[in-house]
């Protein structure tokens, strides 16, 4: 049991191949982090100071931006620190904290996107009742649920991981992931895997069903409506669909990495897949909403007028 209790830190070995260009990587990801913060803070500021944007849709966009900063702030600073580290070692406590934060970030993103799909469903399918259904109290409730449900639900499952003891220190990734840490356990984790599967159902399926139901209803209404209504509905849903597809790509990459041996893949491909859902959603979401949503775009153009 001495060997078991001795494992209190882990080595993130994927950083080793970055050694030769670590300063270049550091500058690139530092600039990306600054850009993510600036874009999301700017979007939040535009919505906050423009009273005409104090509508449910834009409030949900703000939550997406806040979560984007949350996700990037718990991953990129740690990534930068590890780049300059010689040991690429992370303590058990920090590893567990990183796992909890990264998983809750991913779940909050999905929950907010699901709520936004419901908001678009009400706006398109029940426009006359929109402000009644999406009342301030309802919006606050949906936002609270989007944030609290992931923190509490994943926390209940995460307790099992936190109680494990470990016999190996090697994590083949640039950050800690729950499935990788569980594999390092000294004991059989069959029960943990079963509970994890059940937890995934409760953590993912409700949001997925909401998105599918919302867009099924939107599609049904569009098929019965005029061509102008088709165009308007498409313009209304495009930013959300782009954000959802962008997030889904990141999740797909994570699922592939958790289920298959990626050691034979090129290093650059592995890094791209590992960092996609931490970089691209918080980087592209504010750009997508800033460009695609007319009311936000008009406000931005007032701040930065384009000279003709």
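Numbering starts at 1 and runs along the chain as displayed.
Cβ coordinates are placed from backbone N, Cα and C, and glycine is handled just like the others.
Any TrEMBL annotation is an automated prediction that lacks curation.
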### Summary
Here TrEMBL annotates transmembrane segment, and of 96-118, 165-187 the range meant is 96-118
### Query
Would the transmembrane segment (23-49) count as touching the transmembrane segment (271-292), i.e. at least 3 C-beta pairs under 8 angstroms with sequence separation of 6+?
yes
### Task
Quickly jot the same-chain residues contacting the transmembrane segment (96-118) by Cβ under 8 Å, restricted to those at least six beyond its ends, or write none.
57, 60-61, 63-64, 67-68, 70-71, 74-75, 78, 90, 142-143, 145-147, 149-151, 153-155, 158, 161-162, 175-178, 181, 203-204, 206-208, 210-211, 214-215, 240, 243-244, 247, 251, 254, 277-278, 281
## Note on the structure
Lying 6 or more residues past either end of the transmembrane segment (139-160) yet within Cβ distance under 8 Å of it, the residues of that chain are 56, 59-60, 63, 96, 99-100, 103-104, 107-108, 111-112, 114-115, 118, 178, 192, 195-196, 199, 202-203
### Mean of pLDDT values spanning the domain 'G-protein coupled receptors family 1 profile' (39-289)
90
### Query
Looking only at residues six or more beyond either end of the transmembrane segment (237-256), which have a C-beta under 8 A from one in the stretch?
64, 106, 109-110, 113, 116-117, 120, 124, 177, 211, 215, 218, 262, 272-274, 276-278, 280-281, 284-285, 288-289, 292-293
